[in-house]
Amino acid sequence: MGGASVCRMVVTMLAMFMLSSTVSADPEMLQDICVADLTSAVKVNGFTCKSNVTADDFFFAGLAKPALTNTTTGAAVTGANVQRIPGLNTLGVSLGRIDYAPGGLNPPHTHPRATEVVFVLEGELDVGFITTANILYSKTIKKGEVFVFPKGLVHFQKNNGKSNAAVVAAFNSQLPGTQSIAATLFAAAPPVPDNVLTTAFQVGTKEVQKIKSKFAPKK
Ligand SMILES: *[C@@H]1O[C@H](CO)[C@@H](O)[C@H](O)[C@H]1NC(C)=O
Ligand SMILES: *[C@@H]1O[C@H](CO)[C@@H](O)[C@H](O)[C@H]1NC(C)=O
């Protein structure tokens, strides 16, 4: 092969790789349905398929009503993912509902496996995400409006309004996963060493221990 054709081949392969790695989140499915057997001890990339399938495997009523928002941050997330709807296994999508009391915050977090699109059911929210270049994209969104949080990027929603707010969130993963930044760093078990956090945040051990104590299980 000449230098030019090798070069063309490499470019083609790179293009194919980039396409295949950017067009979807969860992998393509290989059959009509593969309803999760959540009880199976066999672990695969996803869940094994069960055989005794019913319509209820594709059903969930848990987003119909607001969740209680008397949480530490004044917001409550209800997932409608493969753990609640076994029929979502291998389908690459899921939903959630988030309810916010006035002042409520869904604290900064990421979804390692999905882009999120929120649709405001009621109220008004200040939302934002931060890119890897450390740019904050933020906006106030209200009933009927939509906002996108790109896959993997840190994002948050805050209800600065006087009434309750709620969104439906859609994900391109059957199980997007959530890593809440504060809890990840200050409530891990076993704990992240204090000297990692003092240097990372440029504060003293006392400050780090104070934040850790806020996340300690209530006795
Ligand atoms: C359906 O299959 C699952 C796993 O194979 C089992 O745990 C469950 O008891 C079965 N349910 C019925 C109603 O047979
Ligand atoms: C939230 O409110 C409900 C109902 O009013 C109550 O049962 C529950 O204990 C409260 N939870 C907390 C964490 O305060």
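Even glycines carry a Cβ here, placed using N, Cα and C.
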TrEMBL annotation, disulfide partner of Cys34 among Cys7, Cys49:
Cys49
Using DSSP and three states only, what is His111 (oxalate binding site)?
coil
If you measure from the CA of His111 (oxalate binding site) out to 10 Å, which recorded positions from the list Cys34, Cys49, His155 are inside that radius?
His155
Name the residues of the same chain, 6+ apart in sequence, whose Cβ is under 8 Å from the Cβ of Asn106 (oxalate binding site)?
Thr73, Ala75, Val77, Ile98, Tyr100, Phe156, Gln157, Lys158
Neighbourhood of the oxalate site (Asn106, His111, Glu116): other residues with Cβ within 8 Å of the Cβ centroid, in order?
Gly96, His109, Thr110, Val118, Phe149, His155, Ala169, Phe171, Pro176, Thr178
Tell me which of the recorded positions Cys34, Cys49, Glu116 ends up closest to His109 (Mn(2+) binding site) in space, Cα to Cα.
Glu116
Which has the fewest other CB atoms in a 10 Å radius around its CB: His109, His111, His155, the listed binding-site residues?
His109
